[in-house]
Every structure is written in C-alpha cells, then in structure tokens.
Amino acid sequence: MSGYEGDRGNGGSHEEGGRDGGFDDGRRNAAGRQRSASRSRGGDRSRTSQAPSERRKRTDPARMAAFDVLREVDESDAYANLVLPPLLRERHIRGRDAGFATELTYGTLRLRGRYDAILATCVDRPLPGLDPALLDVLRLGAHQVLGMRVPVHAAVSETVGLARNRVGAGPAQMVNAVLRRVSQRSLDEWLAVLTGEAPDALSGLAATESHPMWIARALREALAGNGRDVGEIGDLLAADNASPRVTLVARPGLVDVADEAAWGDVDLVAGRWALTALRLEGSDPSGIPAVREGLAGVQDEGSQLVTLALADTPVDGRDERWLDLCAGPGGKAALLAALAGQRGATLVANEVAPHRARLVEKTLAALPDGVVEEVRTGDGREVGADEPGAYDRVLVDAPCTGLGALRRRPESRWRRTPADLAALTTLQRELLASALDAVRPGGVVAYVTCSPHLAETQLVVSDVLKKRDDVERLDTAATVRSVVRAGGGDDIPLSDRDDVQLWPHVHGTDAMHLTLLRRTV
Ligand SMILES: C[S@@+](CC[C@H](N)C(=O)[O-])C[C@H]1O[C@@H](n2cnc3c(N)ncnc32)[C@H](O)[C@@H]1O
C-alpha cells in the first residue's frame with residue numbers, strides 16, 4: 001500500500017521499455033519527511049489543507065490527469081505508460097503532483113480487479129451496466145481511500161468533484177454515497193470480505209490480488225509445472241502488484257561498472273544475479289550519462305541473465321555470427337552485441353515491425369563499428385529457410401502474452417485474453433523452428449519468453465522438438481548458475497528441470513523462461 005496520507009510523492013516511469021512506474025516504501029517515506037519539513041516552513045500547501053470552498057473551485061489536475069489516462073486506456077487500448085508522461089508534461093503537472101497522478105493511475109489500473117470486487121458490494125446494480133467513465137471515477141476513489149491512504153474526506157470530496165466535472169452532477173452524488181460505503185471498512189477488512197465470499201481459495205486470491213481468474217489459474221499451473229509449491233501463488237500474484245525497482249544493464253566493453261563519471265551522482269547497488277546489473281535507488285535513469293549515451297540501459301535482471309546465459313553456452317568450433325531473431329526494441333540485442341564485440345563476433349538483429357526495428361537501431365547506436373552486421377526488418381519465420389545454418393548463436397525472444405511482466409504493465413492483465421494464446425503459441429513454434437534451421441550444427445539457440453505460461457514455454461519447446469531429431473536440450477539451469485555473479489551460482493533457486501523459469505516473488509526478476517538448445521546435425 002502506498003503512504004500518501006493526503007500528500008504527494010515523487011515518482012517516475014523508468015522501467016524496461018519505459019512501461020511502468022511507481023514508488024517504493026523507502027522513497028515514499030523519505031519524500032514524506034521532506035514534505036512535512038517544507039510544509040512546516042510554509043513552503044508547501046497540500047490539497048488537504050485547502051479550505052473546502054477553495055477545493056470546490058477547480059478539479060485537481062493530478063486526479064483529472066489520472067482519469068483521462070484511464071479513459072484513454074479503456075477507449076483506445078492505449079498504454080498508460082505511453083499516455084501519462086506526455087500528458088503530465090503538456091499540462092505542466094510536475095513534482096509531487098506528477099508523482100501522485102502516476103501512483104493513482106498505475107495503482108488504480110493494477111488493482112482494478114480488487115476495487116471492482118469491493119465496489120460490486122457497494123453499488124446497487126451490476127458494475128458492467130455502469131457508465132465506464134463513472135466506473136473509472138469510482139475505481140480512482142477506491143484506490144485513494146484503500147490503496148493510498150488519502151484521508152477519506154479529501155479522497156471523497158476530490159473524487160466527487162472529478163465526477164461532477166467529467167461525468168455529471170447526478171453520478172457525482174452516487175460517487176459520494178459509494179465511496180462513503182467503501183471507506184467504512186479498512187483494506188484488510190475488505191480483503192477478508194472478498195476472501196470469505198470467494199467460492200475457493202484461488203478465486204479469493206484472484207479477487208484480492210487483482211488478477212483475472214484465467215491468469216491466476218495459468219500462473220498456478222506454471223508454478224506446478226516448474227516444480228514449485230502451488231501455495232506460492234499468493235506471493236506471486238502479490239509480486240505482480242509491486243512496482244519493480246529500476247535495474248540498469250552496464251553493457252560489457254562499453255562502460256565499466258566502476259567508472260564513476262559514467263554513472264553520475266546516483267545511488268547504485270550491484271544486481272542480485274547478473275554481473276552486468278545495477279539497481280538504481282530511486283532517481284530518474286535518464287540523467288545518467290552512461291544511459292544517455294547508450295552504454296547502459298534500463299533492463300530487467302532476468303532479461304540480462306538469459307542473454308548472458310546464451311552468450312556463455314559453449315559452441316563447438318566457429319563462433320562468429322550471432323542472430324537476434326525478434327529484436328525489438330533491442331534491449332537484449334544491445335547486451336548480446338556488446339558481448340559479441342568482446343569475442344570478435346557480429347550480430348544480426350531482425351525485427352518484423354518497422355517501427356520497432358528503428359528502436360533497435362537506436363538502442364544499438366553506441367556499439368562499436370563492425371559489431372552490428374545489420375538491423376533488418378523481416379519475418380523471423382523465414383530466416384531459417386532463407387539462411388539455413390548461417391548462425392552460431394540465435395536468440396528467439398518470442399512475442400508472448402507477457403504474463404511474466406505484469407508488474408510493469410498495469411493494464412495488460414485486463415487486456416490479454418486466453419484467446420491470445422492460440423495465435424501466439426503458433427507463432428512461437430514457427431519462430432523457434434526457424435531459429436533451429438538458422439543455426440549451424442554445433443551452434444546454440446536460446447528460446448526465451450517473458451511469460452511462465454506452460455503453453456508458451458515448455459509446450460512450445462517440446463512440440464517443436466518432437467518433430468526433429470537434430471536438436472538436443474542443454475542443461476540451461478547449469479549455464480544460468482555459471483553466469484550468476486561470482487559465488488552466487490549455488491544460491492539462485494532453480495528447479496530440477498533442465499530449463500529455467502525465473503519468478504518475481506523468488507528472484508525479483510520478471511518471470512522469464514529460458515530453454516537452451518543445441519543443433520546436433
Ligand atoms: C518479446 S519482444 C522482444 C524483446 C527484445 N528481445 C528486447 O529485449 O528488447 C518480441 C518481438 O518480436 C517481434 N515479432 C513478432 N513477430 C515476429 C516475427 N514473425 N518475426 C520477427 N519478429 C517478430 C515483435 O514485434 C517484438 O518486437
């Protein structure tokens with residue numbers, strides 16, 4: 001839970017691909033102390049200290065911004081992390097107000113399922129029948145009351161004002177009544193109600209931890225399929241609701257972790273698993289010289305580990321040409337290229353979407369001349385037939401449901417449907433088959449997804465391998481252990497399987513899957 005106590009925190013949106021943002025408790029507390037100090041000097045006037053008559057004069061711009069983003073996400077299938085930052089800039093919403101709007105937007109989107117379950121008991125008609133804009137106002141109000149600890153009177157009056165401004169006077173009265181009902185119980189009391197009303201434990205967790213039931217079920221199956229205790233499902237779902245820390249990758253050969261000038265005046269600590277990883281304590285990575293120059297980037301530690309593992313797998317003989325089959329926007333390609341450059345190898349980066357191929361070019365711009373052979377736009381499914389046996393190492397970071405990165409994309413859990421799986425898993429099989437054709441005998445292929453769904457991971461690999469007798473499975477877990485930072489290899493919790501599944505609640509990474517394969521003939 002956030003700790004606004006009617007006030008604002010600093011925040012931003014600086015995660016892999018710029019997808020999401022938020023706060024950690026440490027930062028919130030520190031910000032809170034600073035705010036108290038400035039208020040006591042009379043330098044800050046919080047909204048809750050305003051007289052009610054003043055408050056009625058205008059609708060809070062931060063709340064209005066959050067509402068407008070929610071509507072755009074709903075009506076235009078927009079991504080909140082792409083809509084919110086420019087909207088804040090355009091409306092000159094900065095500092096604490098920007099932080100408040102960010103937390104309100106992302107928190108409301110993430111916890112929508114929880115709030116809908118609570119609101120359903122406070123509204124006297126089915127939620128799907130409500131005006132979607134009114135429902136968004138109610139969700140925003142519920143998050144302020146239960147998720148941000150904005151004082152009830154401020155949360156209710158500001159949200160009623162928002163309703164009046166954006167939805168109408170009649171609905172505003174209803175918002176007032178509903179939010180008063182919501183505020184009659186604490187969050188813990190509400191969670192106990194939802195758990196008590198649920199038909200079974202998983203449904204209860206899906207409601208309280210705000211996940212669609214099909215995703216909760218798929219994640220539980222993925223835990224079981226990877227030899228983990230299904231009792232961890234509550235921790236896994238809760239981990240999806242916590243904004244991840246910003247992790248940087250120091251691209252080897254481009255920047256030294258110890259080079260103070262390159263990192264500027266920020267607090268960095270070593271990553272937990274990958275030698276290339278640095279965790280940023282708080283601030284905005286865009287001001288870091290190494291990030292600005294493309295020598296470093298924002299990248300989840302799991303993404304780094306799987307890339308390092310591919311580069312570290314022994315190949316027999318030639319090791320000169322590497323391929324990233326699905327490269328956009330280029331995070332793993334940049335790390336792979338940096339590693340290739342250190343070994344005298346080159347990288348071809350392939351991406352089907354032209355605008356994403358352009359992002360790959362940008363991400364790879366800082367690599368020394370000659371390391372990147374080509375960034376090309378093309379269908380990865382055709383590369384195997386067009387260039388059989390042409391590569392020594394191939395990465396297939398397949399398009400997937402992204403169920404392993406729900407913590408970064410607040411709206412995605414509500415947008416994905418089980419129907420997405422059929423098309424994706426067909427594509428995943430075709431891409432993996434193409435990669436296996438494109439690698440030479442003795443070379444290696446890494447099959448990677450940012451999803452732990454068994455249909456996208458283990459089943460894709462086993463289905464593709466069933467049709468071939470020229471591929472062997474490698475001991476992926478052993479390779480991952482070998483690339484974990486010195487001395488940590490024995491500590492990384494991995495299952496007895498030969499492939500690797502990382503988990504947010506266990507490893508603090510996205511739920512990345514990796515299977516390493518070798519072409520034998
Ligand atoms: C999971 S993302 C890759 C992320 C990337 N490896 C990184 O670390 O930045 C999958 C990418 O595959 C691309 N893609 C989808 N279908 C493809 C195809 N048929 N051939 C090549 N790329 C494809 C998508 O556009 C998307 O950019």
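Glycine residues also receive a Cβ, built from the backbone N, Cα and C atoms like all the rest.
Bear in mind that TrEMBL entries carry predicted annotations, made automatically and left uncurated.
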Hey, TrEMBL has S-adenosyl-L-methionine bound by Cys326, Ala327, Gly328, Pro329, Gly330, Gly331, Lys332, Glu351, Asp397. Any idea which of Asp312, Asp379, Asp386 it lists too?
Asp379
Euclidean distance between Cα atoms of Cys450 (active site, nucleophile) and Lys332 (S-adenosyl-L-methionine binding site), Å:
12
Which of these binding-site residues has the least crowded Cβ, counting other Cβ atoms within 10 Å: Cys326, Gly330, Lys332, Asp379?
Asp379
Can you tell me the CA-to-CA distance separating Cys450 (active site, nucleophile) and Cys326 (S-adenosyl-L-methionine binding site), as a whole number of Å?
13
Sort out the sequence-distant neighbours of Gly328 (S-adenosyl-L-methionine binding site) for me: same chain, 6+ apart, CB within less than 8 Å of its CB, listed by position.
Glu351, Val352, Ala353, Arg356, Ala357, Leu359, Val360
According to DSSP, collapsed to three classes, what secondary structure does Asp379 (S-adenosyl-L-methionine binding site) have?
coil
What whole-number value in Å do you get for the largest C-alpha pair distance within Cys326, Ala327, Gly328, Pro329, Gly330, Gly331, Lys332, Glu351, Asp379, Asp397, the residues recorded as binding S-adenosyl-L-methionine?
19
So if I draw a 10 Å sphere around the Cβ of Cys450 (active site, nucleophile), how many other Cβ atoms end up inside it?
26
